[in-house]
Structure formats: structure tokens, C-alpha cells
Amino acid sequence: MPAHARLPCDLVVMGGTGDLAMRKLLPALYYLQRDGNLHPQSRILALARARHDSSSYRRLVQRHVSQHVAPGDFDQASWQAFAERIDYLSLDVSQRVEFPRLANALGQADGRVRVFYLATLPELFAATAEHLGAAGLIDAQTRIVLEKPLGSSGQSAERINQRIAAVCDESQVFRIDHYLGKEAVQNLLALRFGNALFEPLWRNAHIEHVQISVLETVGVENRGAYYDQAGAMRDMLQNHLLQLLCLVAMEAPVHFGAEAVRNEKLKILEALRPITGMDVQDQTVRGQYADGERASERLPAYYFEKSVDHDSNTETFVALRAEIDNWRWSGVPFYLRTGKALAHRKSEIVIQFKPVPHRLFASDGRAPAHNRLVIGLQPQEDISLSLMAKAPGRGMALQEVELDLNLAEAFRRRRWDAYERLLLDVIEGDATLFMRRDEIAAAWRWVDPIIRGWQDCYRSPKRYAAGSWGPEAADSLLERYGHDWLDRRES
Ligand code: NAP
């Protein structure tokens, strides 16, 4: 039996008919089943308010799973075995009186791990946990998984966390940020702490600046109602981008365990220099997409999207310059950028090293090139390092060349989806790749004053054409410091 199939588990997907469940969670569980990574006695119980019986729900799952796994990966034998594990319960999680039915459906735990995956709106998280507690469904073997974003401010996140802490221990709470489940993100840790090469250079003496970008081509799609309340800062930057920043900047933990890793990430969040007062206007850019076009297709403005307020001031783009006040990173800017309806879909981390201190080789007047380490997270997971090499022929003309590590080529194996890895970690009780309560609080402490600064200045977000690279102000932000976004140079 594979190591990961050790524990029999009841996995309860609350919000089992939703977008996340259909696109990510159930396909991930299908792969775990197909590859023998679920214990033979593990069961999946999905619930939502919609009326289904287990057969109609299984048909719904079959339709979505077959669409969302890679072509050729859906086979009838695996599907049949998977479908046999799945049941459905129609239940409103906001109603305490309905939970005894859930307890009945689950029966005695008998030492099985119970995972309650809360794939519903964050407003329902605290009440759901309380109702689980009241129904006697939380014991030492219970884990509760919370989707992001947790709350809409430090205060609201803390209220949710407090109510959950009243019914279970912090070690039982798994706050998910699926970026941490990505192979490429874990590879960043492998690169930094599994090789002697980079660590001596990984500091302000050698690194000029860092760029972290998560760029999407899609607009808000069907999530307008949620997104208009959240915006890019709460939806992406407060969680995904700050987590990536932590992994780039943290010190080596003493071991790869949940508390050691999360202690180091927390130190980084606490060392972020606050952006307050006039600095909010100076160090941050927020934008909102206007209408535009991509490949001759007209793209609507954000305020014409479904369920979005026509006068909305919600940002669909954020760029900012962050600094970490500690010994290692003092003076190194971290530029973070995320947005929707942009020219390219791409998530990457760029580490730009300082140029050589003395120019030995003749140049054609151009500034010496920088070595750059680029860690691609999406659409491809790859790592490249740009180096200077002598161009063939006479003289010593140097040219930039790339050392490419294509991870798909290097390991000719199917890449696991982030949710596969994270679901297994939850079953196994390994919280290393999940966010701890104090990390969430520290991230909000840094983000809240920026959002307040935007609200206080009464300025609208800068408009950018859908299908473009975002507002020009995002380019100027870096130009002021003599830097530019790496991809803007390529475009
Ligand atoms: P969604 O498509 O709106 O799905 C919500 C699910 O919750 C549905 O199954 C809905 O079914 C159920 N639900 C709502 N109210 C309920 C209640 N009172 N009792 C029981 N079930 C209830 O939302 P989603 O996009 O899947 O997102 C779910 C969570 O994941 C959110 O917290 C979101 O922020 C987070 N998330 C989503 C994504 C994504 O890609 N979708 C990515 C990252 C994080 P009924 O209406 O039938 O009850």
C-alpha cells in the first residue's frame, strides 16, 4: 500500500456542488483514488443545500471530473471505484438543527480521520465549525480545512479564527493556500535549501531586487459578486503573493516541519515595513480594467461584468513595492504585482542579482546584464538562470544565455495538482504547507493600512485596457527606482 494510504478517512466536502469542488477538489480526489493514494475504506461525503441524491450527485461529479482531468486520465474502472466512495447529503450548514443528520450519515468515527473541507463562503466558516462541535463531530482525529480568503480584514479574520479556536485546537485547522501545494513553489524551497549554490548569494549583498507576479488573462468570470467585495488585494495579494514572498525571503528552518517552517514565514511577515500615510499613494498602484481587446476579441470593462456594481471602485490590479526590515533583506525591494484581464497568464518569481562590480569586457555602451533566476509557476513550472557567456567569434563580446531547467522534462511523470498534495497532507495531519493563525493575522496587519489608505484618499483605481499589461503607473513605480518588470522588457 502506498505510504499515503495509511489512514482511513471520512472526507466531508461542504460546498460539494460549487466551482472549487467540481473543478479542483473532486478531480484531485479522483487522481488520489486512481493512483492508489486513498485508503480502501476512505469515504467522501459531499454536501450543499441543492437537492440531489447520491446517484444524481455522482452523475454531476462524473461530468465535471471527466472534463477537468487530463485527456486520457479518465477511465471507467477508476471512476467506478471512485464513485462507490461518494455520497451526498442535502444540508444547510448555517442551520444547527441539521447537523445531527450529518452525524447520523457519518456514524461512529472508530478512529477514522474526519476531514471537514469548508468550500463555502467564508461567512459560513465559524458557524459551521460551531455546529460541528455542537453535534459532537469534532474529536482529536478531526481536521477542518478553511479556504482562502479568510475574512476581509484583520478584524474579521480574527473573529472567525477565535470562534473556530473555541471548538478545536489550532493543530486541527488547515488554512489552505493552494499556491503552497504547487510543485514549483516547493521547488523554490528545494532550490534554496537543498543546494549549497544559492544560499550564500541569497541576500542584499548580491540580490538587487525581487519581482513576484501573478497575472491572469481572465476577468472575474462568474465570481463578480464575491470579487466586487474582495478585489485583487484581498483575493490574491494578502495570501498567495505574500506567501510566495515569505518562501523567497525566509531563513532556513531547522527542520522541514510545520512549526519550524511557519515560524520562519511569520518572522518575514512581521518584518515587512508598514506602508501607511503618503507611502500608500507612493508605493502602491491599484487599477481596474476598462474595456479592451485581445486577439481581435472585444473584452468588457470590469464594471459591466455580471454582478459587479456599475460604480465599483474595486481594484482588479495591484502592484506595490515592499521592503523587509531585517539583516538579510535591508535595501532590497520586493515588487509584487497581480491582476485580471491582462495580456498574459503568467505567475513567476524573478530574483535579479546585482551586476558585476567591475566591467572587465568591452561593451557596446549598454549597462552590464544582471544574472537572473526566474522561477516559473504558471503556465509552465520551470526554472531558468540567465548567465553571461562569450558570443562565438572574435573578441570578447558577451551575450546573455539561459540555463533552463524544465521540470516536466527532468521528471517525466505526471505533475500532481496542488490540491492532491494538500488533501493528502490534511489526511496525514501535516500542516507544513498550510497557514497558521498568527501568519494570517500578520498578513492582514500589513495589508489593512494599505486598503484603508486607498479608501481614505477617495481616488478611483487607475483604468487599464483589458488585454493590456495593466496601468502604466505600475511601470513607473519600478522606473523610479531604475528597475523594470522583466516581462515588459520582453514584450
Ligand atoms: P461557489 O461556486 O459559490 O460554491 C459554493 C458552494 O457552497 C456550493 O456548493 C453551494 O451550494 C454551497 N453552499 C452555499 N451556502 C451553503 C449553505 N448555507 N449550506 C451548505 N452549502 C452551501 O463557490 P466556490 O467558487 O466553489 O468557492 C468556495 C470557497 O472556496 C470560497 O470560500 C472561495 O473563496 C474559495 N476559493 C474558491 C476558488 C475557486 O477557484 N472557485 C479558489 C480559491 C478559493 P448550494 O447553493 O446548493 O448550497
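Every residue, even glycine, has its Cβ placed from backbone N, Cα and C.
Any TrEMBL annotation is an automated prediction that lacks curation.
Quick look at what TrEMBL lists:
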{"type": "DOMAIN", "residues": "12-187", "note": "domain 'Glucose-6-phosphate dehydrogenase NAD-binding'"}
{"type": "BINDING", "residues": "R49, D92, V93, K148", "note": "NADP(+) binding site"}
{"type": "BINDING", "residues": "H178, K182, E216, D235, K340", "note": "substrate binding site"}
{"type": "DOMAIN", "residues": "189-485", "note": "domain 'Glucose-6-phosphate dehydrogenase C-terminal'"}
{"type": "ACT_SITE", "residues": "H240", "note": "active site, proton acceptor"}
> Any idea of the Cα spread of the NADP(+) site, R49, D92, V93, K148, as a max distance in Å?
Replying inline: 21
> Whole-number Å distance between the CA of D92 (NADP(+) binding site) and the CA of D235 (substrate binding site)?
Replying inline: 25
> What subset of the recorded positions R49, V93, K148, H240 lies within 10 angstroms of H178 (substrate binding site) at the C-alpha level?
Replying inline: K148, H240
> Nearest to V93 (NADP(+) binding site) in three-dimensional space, by Cα, is which of the binding-site residues K182, D235, K340?
Replying inline: D235
> Using a Cβ-Cβ cut-off under 8 angstroms and a sequence gap of six or more, which residues of the chain neighbour K148 (NADP(+) binding site)?
Replying inline: R175, I176, D177, N239
>> As a check: which entries in R49, D92, V93, D235, K340, the binding-site residues, place their Cβ less than 6 Å from an atom of ligand 1?
In response: R49, D92, V93
> Three states by DSSP: which one describes H178 (substrate binding site)?
Replying inline: helix
> So of all those binding-site residues, R49, K182, E216, K340, which one's Cα sits nearest to H240 (active site, proton acceptor)?
Replying inline: K182
> At the level of the C-alpha atoms, what whole-angstrom distance separates K340 (substrate binding site) and R49 (NADP(+) binding site)?
Replying inline: 31
> Which site among E216, D235 has the most other CB atoms no more than 10 Å from its CB, taking these as binding-site residues?
Replying inline: D235
> For R49 (NADP(+) binding site), which residues in the same chain are close in space, meaning a Cβ under 8 Å from its Cβ, but six or more apart along the sequence?
Replying inline: S90, L91, D92
>> Limited to the domain 'Glucose-6-phosphate dehydrogenase C-terminal' (189-485), I'd like the whole-number average of pLDDT.
In response: 94
> Across all chains shown, how many C-beta atoms besides its own are within 10 angstroms of the C-beta of K182 (substrate binding site)?
Replying inline: 23
